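Database features (Swiss-Prot):
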type	residues	note
SIGNAL	1-16	signal peptide
BINDING	36, 38, 141	Zn(2+) 1 binding site
CARBOHYD	57	N-linked glycosylation site
DISULFID	87-170	disulfide bond
BINDING	141, 214, 235	Zn(2+) 2 binding site
BINDING	168, 246, 304	substrate binding site
DISULFID	242-274	disulfide bond
LIPID	384	GPI-anchor amidated serine
């Protein structure tokens, strides 16, 4: 399919493992598109986003899960880089910090043009494959990054965001996060508020993939039922295999199957084995389970490299993808199923999201109400009326009547 991949440095496979040999042959033709990598966050923490610092050189960077030699060795041909800002930025400087992390991805492409090609659509991914480069896309991790603004959502799209995780480890004013299911946060939106539904519709209109990693089960179901395009879980695993609330339960996996959506398995030990230690084989157990419940077309990889502190034995960094593919082949996965998990399932969903988008359609314009927002550092104009006034149309008129009576004008 993408024949120029033979130009990449060949991986020496000094082993009698025929499954690993086969895995390498598959990866040379169909490289992996990983759904979630937090290298930009590491570049912020270690170098304050100074990419020209000699220590930040991605050809030699040693203390991260990701660098250019590791990407090459792992046959990573596409990567959704995470533009992540922590929840403590919500109602503060989250938009600024999100823009800075998106800028890091663009500068990576500028500094290493022989390796990275920043793209924004499915055709761009295939172009990068043909050129033997890593297709570099941006996923914004956390709905708080749009600061409850449809205008910010649209602006981030124009700057390259192609998926938005509806929450991180905190509620937004319009969507509930997974900690609600654990009892650590209170449900505020019942999944998605009215404004949250507007966000989903606008993402469909724009062609932004809806990412349900980190959200509550109620939010998962609400978004899956509302979205007119398939959705993704960019870095989540199977709840039945490991009963962690960040993972996807069986009834949601059924909705994933019905909607043609994707679950990109996370490699974080705590989500893989529900313990501090895990193995590559246990990651394959999650992939097997999702394939059996939701179908092979639903399976993907979302390693969460450089975003987690513990990774399975055998999957220590991005170079280890050939070993994971070999394990799937060893378990009887067909070559077509493997190619789907590597890239083709994602390309299918991306194309469907692009087909559903209709930017000629009138954009969502109704802003959120000021009463629904947290924080005190906000101006008072440009918001909707409180939802209670929308539910009771006579409330505003009654309030005005009381005011006029008090002034003796009625």
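Start at 1 and count along the chain as shown; that gives each residue its number.
Glycine is treated like the rest: Cβ placed from N, Cα and C.
Since this is a predicted model, take the numbers as computed values, not measurements.
On a Cα basis, residue 38 (Zn(2+) 1 binding site) lies 16 Å away from residue 57 (N-linked glycosylation site). Restricting the recorded positions 235, 242, 274, 384 to those with a CA within 10 Å of the CA of residue 168 (substrate binding site) leaves an empty set. Cα proximity to residue 246 (substrate binding site) (within 10 Å) is found for none of the recorded positions 36, 38, 384. For the substrate site, whose binding residues are given in the record as 168, 246, 304, the maximum C-alpha distance rounds to 14 Å.
The recorded positions close to residue 235 (Zn(2+) 2 binding site), defined as a CA atom within 10 A of its CA, are 304 out of 87, 170, 242, 274, 304, 384. Those same-chain residues not listed among 36, 38, 141 yet with C-beta within 8 angstroms of the centroid of the Zn(2+) 1 site C-beta atoms are 37, 41, 80, 81, 82, 84, 139, 165, 234, 235, 304, 307.
Residues within less than 8 Å, Cβ to Cβ, of residue 38 (Zn(2+) 1 binding site) and separated from it by at least 6 positions along the same chain comprise 82, 84, 304, 305, 306, 307. For residue 170 (disulfide bond), the nearest neighbour among the binding-site residues 36, 141, 214, judged by Cα separation, is 214. Within 8 Å of the centroid of the Cβ atoms of 141, 214, 235, where the record puts Zn(2+) 2, the same chain has further Cβ atoms from 36, 82, 84, 142, 165, 168, 211, 213, 234, 236, 304, 307.
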